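All remarks here apply to the structure that follows.
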Amino acid sequence: MSTTVGQVIRCKAAVAWEAGKPLVMEEVDVAPPQKMEVRLKILYTSLCHTDVYFWEAKGQNPVFPRILGHEAAGIVESVGEGVTELGPGDHVLPVFTGECKDCAHCKSEESNMCSLLRINTDRGVMINDGQSRFSINGKPIYHFVGTSTFSEYTVVHVGCVAKINPLAPLDKVCVLSCGISTGLGATLNVAKPTKGSSVAIFGLGAVGLAAAEGARIAGASRIIGVDLNASRFEQAKKFGVTEFVNPKDYSKPVQEVIAEMTDGGVDRSVECTGHIDAMISAFECVHDGWGVAVLVGVPHKEAVFKTHPMNLLNERTLKGTFFGNYKPRSDIPSVVEKYMNKELELEKFITHTLPFAEINKAFDLMLKGEGLRCIITMED
């Protein structure tokens with residue numbers, strides 16, 4: 001590895017040249033890391049709905065050509081000036097949001113929304129100098145959420161890199177750098193269900209099932225899965241879900257159905273769909289006096305949350321969360337340890353594996369709604 005330090009590395013990357021078109025495998029030049037940056041060799045990456053959303057570019061600013069990808073694991077190849085806590089050979093997870101450790105958010109025990117490195121989906125360059133580290137024939141290829149893991153090598157700000165246990169299998173723990181931690185933390189860190197409590201999970205995709213896994217780990221006795229797709233129910237049992245509600249089966253609002261099932265409402269709910277009606281239902285289905293609802297899904301930009309103020313005055317709590325309230329550098333290593341201690345099971349989230357050359361198949365699988373996480377192996 002050391003022979004490449006300070007040099008431009010030419011490697012393979014899957015480039016999104018335009019919205020909705022298949023990614024193209026290209027030879028890209030990856031510049032050395034600058035001040036407070038790290039160059040990583042990506043070994044495994046997985047596909048998340050966020051990658052597909054920005055590849056389709058239907059509802060936001062299109063930034064192309066771009067190297068997508070943000071859920072991954074790899075090894076540090078080299079570090080830039082000022083980087084002291086990471087070195088070549090370290091095993092790491094790059095994360096789409098960061099932790100500078102200096103701002104008010106990073107110094108707060110309550111927040112993980114770093115002022116410097118908070119996710120910015122429009123920015124396609126490094127914050128240090130406003131330039132891209134990727135190029136083809138001298139022309140820049142843009143970054144994605146500071147990670148761009150659909151490349152054999154990438155450059156990331158040090159604050160967006162979590163150093164993890166070198167014994168952790170990178171082909172499993174790579175899924176912890178985004179969706180699984182988001183759902184898990186929403187339950188464990190924000191909803192905080194107690195042993196024996198009831199929890200409703202709205203949306204049984206990968207993030208929702210991770211939220212259910214959090215409820216299972218916390219010792220919840222009833223985990224009610226809510227989804228319009230009945231085919232997801234069987235799989236959800238593996239994640240601790242005990243009961244299922246399909247809103248299509250009822251003529252009344254799902255919050256009323258859940259209230260009747262649970263003698264007045266669940267103790268906690270976690271909403272993972274981003275649909276505004278589900279968000280309102282998730283809040284209104286929690287028990288008065290102590291119920292807590294946590295919103296995880298990202299709504300449409302025109303969405304408006306409407307509920308009667310009495311629902312709040314009757315001592316229900318509504319919370320939002322970002323990345324499960326985990327600080328990337330400080331907290332994600334301990335989530336990896338949950339897996340290493342067999343407290344958290346990751347294998348059941350991984351339903352497909354593909355070589356890097358077949359990355360477009362991973363997009364097809366997600367667009368068809370097949371499986372949960374597809375691991376893409378970077379090395380042949």
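Even glycines carry a Cβ here, placed using N, Cα and C.
Per Swiss-Prot, the feature Zn(2+) 1 binding site maps to Cys48, Thr50, His70, Cys178; the stated evidence is similarity to another entry. Taking a C-beta cut-off of under 8 Å and a sequence gap of six or more, Cys48 (Zn(2+) 1 binding site) has these contacts in its own chain: His70, Glu71, Cys178, Gly179, Ala206.
Long-range neighbours of Thr50 (Zn(2+) 1 binding site) (same chain, six or more residues apart, CB within less than 8 Å of its CB): His70, Phe96, Val145, Cys178. According to Swiss-Prot, the feature NAD(+) binding site maps to Thr50, 203-208, Asp227, Arg232, Thr273, 296-298, Phe323, Arg373.
Feature annotation from Swiss-Prot assigns alcohol binding site to Thr50, His70.
The Zn(2+) 2 binding site annotation in Swiss-Prot covers Cys100, Cys103, Cys106, Cys114. Under DSSP, Cys106 (Zn(2+) 2 binding site) is assigned to a helix (H, G or I) in the three-state scheme.
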Rounded inter-Cα distance in Å - Val296 (NAD(+) binding site), Cys114 (Zn(2+) 2 binding site): 18
Surrounding CB atoms that lie within 10 Å of the CB of Ala206 (NAD(+) binding site), all protein chains: 25
Cys100, Cys103, Cys106, Cys114 excluded, remaining Cβ within 8 Å of their centroid (Zn(2+) 2): Gly98, Glu99, Lys101, Asp102, Ala104, His105, Lys107, Ser115, Leu116, Leu117, Gly159
Position of peak Cβ density within 10 Å, selected from the binding-site residues Cys103, Cys178, Val296: Val296
Neighbours of Cys48, Thr50, His70, Cys178 excl. site residues, C-beta within 8 Å of centre, Zn(2+) 1: His49, Asp51, Gly69, Glu71, Phe96, Val145, Ser177, Gly179
Cys106 (Zn(2+) 2 binding site) and Arg373 (NAD(+) binding site), Cα-Cα, nearest whole angstrom: 30
Cα separation, Val298 (NAD(+) binding site) to Cys103 (Zn(2+) 2 binding site) (Å, whole number): 25
